[in-house]
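Structure record follows, encoded as structure tokens.
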């Protein structure tokens with residue numbers, strides 16, 4: 001998010017904010033915003049990130065309404081309806097709209113967002129750093145040559161890349177530490193950096209081959225997997241059109257270099273795209289790998305001069321900024337192609353097996369939508385209370401990680417030592433008591449999600465949502481909430 005803000009501010013000052021806004025207003029991405037704004041996933045993400053601030057605004061609104069009720073500086077007398085309101089008119093209208101949302105869907109998705117963030121920022125990040133640190137210490141202790149170190153690192157990196165949750169950045173940073181440390185005495189610092197960059201690039205290309213051919217094409221044989229990535233959607237067809245274009249082009253590079261490592265390569269395999277063309281389109285990835293390798297390598301020079309540590313952070317920030325720009329460019333390219341080549345996309349053949357599976361699962365989706373409707377009679381109050389508890393705990397855990405992170409978990413880098421910095425125990429990275437409280441709140445959120453999942457699945461399996469025994473689920477339709485009507489009311 002910080003990278004996105006930095007990009008917007010930079011381009012705003014460079015080209016002017018008015019020009020930037022006009023360009024975005026006429027872009028293909030802006031036309032998708034109305035539908036995106038209705039997404040429960042987006043609502044859940046906003047509440048997770050801004051929930052406490054929203055509560056503060058509601059409190060201020062209540063105070064403002066109290067002053068209006070007793071005419072403290074307010075000249076116009078309130079009518080009876082306004083007097084009954086706890087919030088002022090502006091926030092009362094927004095509150096009425098929010099009350100009509102399906103909070104079952106929003107709270108469960110909020111917990112999923114929190115799980116994804118916690119897993120990536122704490123779970124995998126800390127674990128991978130400690131694992132690669134132990135590898136670095138072991139390689140030093142054994143006294144391997146730089147050739148042996150390179151071979152061991154390459155094999156380890158390939159193994160790490162097989163995990164769909166682990167991004168490539170920590171592997172590249174570790175390469176800057178491990179590979180440069182093993183070769184700088186023989187070749188010098190900067191040749192060692194370029195050597196590490198080349199080896200990491202080769203590692204990435206081998207990972208692409210394994211992920212596309214070994215995972216993607218095999219997984220593409222399963223109809224459920226093709227349904228999962230929505231091969232019949234216009235978005236997936238637009239991605240396929242972009243990637244099918246031979247050679248190097250901007251849109252293709254944005255998708256292959258800006259997208260997440262494992263999902264992007266596996267998706268190209270599921271879509272049966274040309275491996276050679278995917279490798280060609282991935283060549284600019286070296287400009288993402290180099291700053292990461294440099295960031296790790298500069299940590300080796302912190303003992304020489306303290307200035308190298310902030311430069312290391314600047315290098316990794318540069319890499320993240322480049323990847324963020326590539327990701328935004330990919331989203332823009334997909335939206336543009338979906339709009340400009342709409343007829344061509346609609347003419348593309350439909351996966352009949354996936355279409356049949358989607359139709360067969362539609363009844364179950366309707367059942368799930370009906371029984372999980374927050375305003376329906378099928379959701380008991382104890383489930384509502386549990387969901388509010390779980391989402392609140394997950395939000396508190398999210399804020400503890402971001403605001404009190406240094407008081408919850410120890411900072412640990414690949415250049416550190418588990419024996420020296422954590423007394424040989426990886427669990428010592430958790431700081432008592434705030435770290436334990438953070439984990440407890442996180443665990444409560446996960447348990448709540450599991451309970452609601454099992455409950456709604458049980459309701460569907462027992463056909464508990466049907467009011468009349470002869471009524472079919474396919475005849476049940478859930479009326480969507482109309483925000484315009486709520487505003488008028």
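The backbone N, Cα and C atoms fix where each Cβ goes, and this holds for glycine too.
It is 382-401, from the ranges 342-361, 362-381, 382-401, that TrEMBL records as transmembrane segment. Between the listed ranges 429-455, 456-482, TrEMBL ties the annotation transmembrane segment to 429-455. Long-range contacts of the transmembrane segment (278-299) within the same chain: residues 168-169, 172-177, 179-180, 189, 192-193, 196-197, 200-201, 204-205, 208-209, 212, 243, 246-249, 252-253, 255-257, 265, 268, 308-309, 311-313, 315-316, 318-319, 322-323, 326, 413-415, each at least 6 residues beyond the stretch ends and with a Cβ under 8 Å from a Cβ of the stretch. When Cβ distances are compared across the two stretches, the transmembrane segment (382-401) makes no contact with the transmembrane segment (311-335), since fewer than 3 pairs at least 6 residues apart fall below 8 angstroms. Within the chain carrying the transmembrane segment (151-180), a Cβ under 8 angstroms from the stretch's Cβ atoms is held by residues 119-120, 124-125, 128-129, 132, 135-136, 139, 144, 189, 192-193, 195-196, 199-200, 202-204, 206-207, 210-211, 260-263, 266, 289, 292-300, 316, 319-320, 414-415, all 6 or more beyond its ends.
Remote same-chain residues near the transmembrane segment (44-63) are listed as 86-88, 90-91, 95, 106-107, 109-110, 112-114, 391, 394-395, 398-399 (criterion: CB distance under 8 Å, separation of at least six residues from the stretch ends).
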